[in-house]
Amino acid sequence: MNIRAVSTTLVVAVLVIAVVAGVGVYLVVQQLSTPTVAEKPLVIGFSISISGDFAVPGRKQLEGIELWKDWINSKGGIYVKDQNKYYKVELKYYDDKSSKDEVIRLYEKLINEDKVDILLSPYSSTLALTAAGITEKYGRLMVVVGANSDTIFKQGYKNIVGTYTPASKMLTQAIDILLEKVQNPSVAIIFKDDAFAKSVAEGAKAYAEQKGVNVVAFEMYPRDAKDLSPILTKIKGLNVDAILGGGHYEDEVLLVRQAKELGINVKLMSLLVSPSLPAFYDALKETSEGILAPSHWEPQTKPKITVGPSIDEFMTQFRQKWNSEPSYHSAAAFAAGLYITAAIEKAGTLDNAKLRAAFNDLDITTFYGRLKIDPATGNQVGHELVLLQWQGGQKQVVWPREVATAQLIFPKPSW
Amino acid sequence: MEAGKQRLKIGLILYVLLLSIAALPPLTGNTALIAYFWSFLQMLALVMSLNFITGFTGYVNFGHIAYYGIGAYTVAYLTTMTRVDPYVFIPAAAITSAALAYLIGRPILRIRGPYFAITTLGLGEAVRVIIVNIPAFNYSEGLPIAAYFTYNVISSYIAMYTTVATLFILTLYLRRTRFGYMLESIREDEDAAESMGVNTAKAKLAAYVLSSACAGVIGGLTAITHVYAHPGFFSITLNVSVLASLLMGGGGTLLGPLVGAGLFFFISDALLIRFPYLHLVIFGAVVMAVTLALPRGLSHLIYRYPKISGKIADA
C-alpha cells in the first residue's frame, strides 16, 4: 500500500468519524435540550349539559374537568415527546342542552371548525352514544366520561376509551348484599327508557337470575315520565324484598317520593345516580334515609395512587374553586384528564390513533381509583365501584367492607 | 314581462347560481365548510319538499317531520340488519314514507283548513310515541349506525346536493304542468276547482305522497350523515322552522323556498351566535313582521316592485 492510498483512507476515515460523532453529539444535545412551551395550547373539546335533564350531574362533571385543567397547567402542562414541548391545556365546550341533536351539531363543530386535539364525551350514556357515532365516523379518539352503558362499547367502535365501571355491573353489589341478608329474595327492577338505565337493569337481571334471585318485576318507564305511580302500584302488590333501578336525577327523586306516598316499604332500595349527588339529600331530606346507590367514587376510599393528586388535595382544591362538594362525576372527570395526560406521555404524540393504542397498555391508579381498559372494546375493566348509603343526612360508604366508613343499615327503615 | 314569469326567471337564475356555488365546497376539502353547506342544503330540501303540499295546495302540514323520521329509521334499521352501505336504502326510505303517506293521507286529506293542521300536528308526535315503544328500534335510544359503514363527507354532501337538484326539477315541473295548476286551483278555491272538474282528492293525495316521499329521502340522508336515527328526528321545532321558512319565502313558488330557507338558515345562525338566549324571540318577530307585511311571502315583493325585478330578471 502506498502512502497516498493510506492517507486517502485516513482522510476518509476521519471524515466519517467526524460526521458520525457530529450527528451523535447533535442528537444528544437535542435530547438534552430543555423542552419549550408550545405557543398554541392543547385543546380538549366536549359538549356538556349545563341545561336540560342532565344539568345537575353535567355541571358536576364540568367542574371536575375545569379543576383538572387548572391543576395540569399549574404543573406546567402536558409534555409531548415528539415535539419536545410542554402544552398548556385549554377547554373548548358548549352547552348541549341535554339534547341529541345539539350533541351531533356540536361534535361536528368541535371536530371540523374548532379542530380540537382531543375529545371528551358529554355526560350521560344517551348523549355519549350519540357523540361516539360522530367521533367514530371521523376516526377521532373520544374519552368517555360520565357514561357507561354497555351499548356504547358494544357498537364495535375503535376510538373510544371508558372511565366508568360498566353499567351492567352497577347493581351487582346490592344483589350480593341482599343474598347475604335474605333467604330467597325477590326483587323488582324498574328503569328509565334510556341506554344507561337499560344496560344497568339488564346486567342486574342477568346477575340476579344467575345467583338464584327471583326477579318478579322488570319494568321500563318512559324517558319523560312525570308519574311513576302505575308501575309502583303494581310493585306494591308484589311485596318484594328490594327495589332496584332508576335512571337519572329527576326521575329517581320522583321514584322515591312516590314510593313513600304509596307506602311501599322494602328491605333494600338501590337507585343508580341521584344518591351520590348532594342535591339528592337537599330534595328529599330524611326520606333519603337508608337508600343505597352504587358510586364510581367517594372521597373516603383510599386507593394506592400512582398518578396525580391525593384525594385530600383534590377535595381541598375543589372546595376552594367551586365552594361546593365534588361528586363522583367531578372526580371521574378530573381522572379522565389524568388518564389523557398519562396516554399522551406514554405515546409521546397527539396523534389520536397512537393515543388510543397507548391506552391499551396503561394501568394507572389515580385518586379516583384504578383505570385500565379492555383493549378490544375500550370499555373500563380496572375501575371498581363502592356502594353508598344515606344515613342521618350523611353519605356513607357501606360496601365493600374494606373501605366501608359505616355499618350498612339493613333492612331499610320504613318511610 | 308579467310578475309571475319574472319571479320564475329570478328563481331559475338564483337556483342555478346556488347549485353552482354549492358545487364548490367539496372541491376545497374544508370539512367545516362542507358540513355548513350540507346543513343549509338539508334545510332547503326540507322546505322545498314541504312546498309540494303546503305551498301548492295550501294545506298547512305540521306532520312533515313524521315522514322525515320514518325515512331516517328505515335507512338505519335496514343498515343495522344487513350491514350493507346505507345509501342503498334511500329508495326504501322513499317508498316507506310514500306508502305511509298514502295510507294516512287518504283519510286526513278530507279535513280542511285549520282542522287539517291540527290533525297533522298530532301525527309527528304519534309516530314518535309508536317508534319509542318498538323494541327493534331500541326504544327511545334509536339506532346508531357508525359501526356499519365507512363515512365519507363528500358522498354525504353529493347525496344532499343531488336531492336539492332533483327537488328543483320537480318544483319546476309543478310550476309548468297541468298537475301543478290543479294543485294551485285547490289552494285558491277547492270547491270551485272541484266543480271545474279537478279531481281534488286525487291531486291532493298525489302532492302529499310526493312531498312525504321526499321528506323520507331527506330523513334517510340525515340519518347517514348523523350516523344515527333517533326520536329527536320527530322534532316539532324543526317542522315549525321549515314551515316558517316556507311561509316567509312564499309557498307554491320556485323562488320562495330558496329565499325562506336562506333567510332562516343564515339569519337564525347569525342571531344564534350574537344572542344565544334571545335569538328565537328576535327570529319570531322577524317571521311575524314578514307574515303581516307580506302574507304571500318575501318572493311576492316582485309583484310590488315589478320594475326593479324586471330589471333583475332581464339582467
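Just so you know, glycine gets a Cβ as well, placed from its N, Cα and C.
Listed in TrEMBL for this protein:
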{"type": "TRANSMEM", "residues": "B:12-28", "note": "transmembrane segment"}
{"type": "TRANSMEM", "residues": "B:34-53", "note": "transmembrane segment"}
{"type": "TRANSMEM", "residues": "B:65-81", "note": "transmembrane segment"}
{"type": "TRANSMEM", "residues": "B:87-104", "note": "transmembrane segment"}
{"type": "TRANSMEM", "residues": "B:116-137", "note": "transmembrane segment"}
{"type": "TRANSMEM", "residues": "B:149-174", "note": "transmembrane segment"}
{"type": "TRANSMEM", "residues": "B:205-228", "note": "transmembrane segment"}
{"type": "TRANSMEM", "residues": "B:240-265", "note": "transmembrane segment"}
{"type": "TRANSMEM", "residues": "B:277-294", "note": "transmembrane segment"}
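Per-stretch counts of Cβ pairs under 8 Å to the transmembrane segment (B:149-174) identify B:12-28 as the leading one among B:12-28, B:65-81, B:116-137, B:240-265, B:277-294. For the transmembrane segment (B:65-81), the partner stretch with the highest count of Cβ pairs under 8 angstroms, out of B:12-28, B:34-53, B:205-228, B:240-265, B:277-294, is B:205-228. Listed by sequence, the residues of this chain that lie at least six past the ends of the transmembrane segment (B:277-294) yet keep a Cβ under 8 A from its Cβ atoms are 244, 247-248, 250, 264, 267-268, 271, 300-301.
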